[in-house]
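J.: Input: one structure, supplied below.
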Amino acid sequence: MGRVHIMDHPLVRHKIDYIRRKEVGTKEFREMIEEIAMLMCYEATRELKLADVEIETPLCKMTGKELAGRKLAVVPILRAGLGMVEGILKMIPAAKIGHIGLYRDPDTLMPVEYYCKLPSDCDKREVFVVDPMLATGGSSSEALAMLKQKGVKNMTFLCILAAPEGLEKLSKDHPDVDIYAGALDEKLNEHGYIVPGLGDAGDRIFGTK
Ligand code: URA
């Protein structure tokens with residue numbers, strides 16, 4: 001099984017529970033999703049590799065550290081994943097960005113990729129796949145499978161809210177992928193919404209309701 005990390009930090013908890021409120025408008029919702037993604041990125045990058053580097057301060061020479069491992073890329077799952085990208089770029093401004101979009105064919109119920117554009121060296125990068133809501137886990141799991149087919153080898157999945165069903169599916173289908181969730185909610189309802197949740201993340205980020 002992949003490792004599952006549920007964020008345990010007062011700032012993240014406060015911000016998530018703030019935006020759950022139905023009266024929070026688009027501007028504030030969008031800003032806070034960005035901030036939560038930034039804080040989660042801080043946690044998800046904890047194990048990045050460092051290497052020694054000789055530097056000179058105004059006072060003396062010293063052996064410092066600099067990032068040395070695989071370079072990073074961020075891949076939002078369209079459309080709601082876009083809301084998390086800016087926050088991650090605040091922490092990792094040089095990350096490359098890919099995009100993936102899929103829908104389920106209403107006749108065959110099979111996932112169909114309608115858009116996918118990735119950095120050409122995505123096979124060598126650590127790829128942070130982002131989607132705010134891990135509900136059934138169906139589309140996230142399919143997105144990870146499609147990215148693997150395209151050569152991506154090292155992935156971490158970040159979501160703001162997870163349902164137990166989605167966490168179980170994703171960690172079973174992709175035991176090689178670490179999962180970071182801002183909070184773990186109670187359940188899914190009969191429409192596939194996370195409860196208590198925050199509603200439709202895409203609509204709330206883009207103001208399309
Ligand atoms: N997608 C959302 O935007 N919200 C949910 O609760 C579940 C899936």
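Cβ coordinates come from backbone N, Cα and C, glycine included.
Predicted automatically and left uncurated, TrEMBL annotations should be read as such.
Bear in mind that the values here come from a model prediction, so they are computed numbers and not experimental data.
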J.: Need one residue: from Asp176, Asp178, Asp200, the one TrEMBL lists with Arg79, Arg104, Asp131, Pro132, Met133, Leu134, Ala135, Thr136, Gly137, Gly138, Ser139 for 5-phospho-alpha-D-ribose 1-diphosphate.
T.: Asp200
J.: Nearest of the binding-site residues to Ile194 (uracil binding site) by CA-CA distance, picking from Arg79, Ala135, Ser139?
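T.: That would be Ala135, the closest of Arg79, Ala135, Ser139 to Ile194 (uracil binding site).
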J.: Give me the sequence-ordered set of same-chain residues, not including Ile194, Gly199, Asp200, Ala201, with a C-beta within 8 angstroms of the centroid of the uracil site's C-beta atoms.
T.: Pro132, Met133, Leu161, Tyr193, Gly197, Leu198, Gly202, Asp203, Arg204
J.: List, in residue order, those binding-site residues out of Arg79, Asp131, Gly137, Ser139 with a Cβ under 6 Å from any atom belonging to ligand 1.
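T.: Cβ < 6 Å from ligand 1: none of the binding-site residues.
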J.: Which value does the mean pLDDT take for the domain 'Phosphoribosyltransferase' (7-208) in this predicted structure?
T.: 96
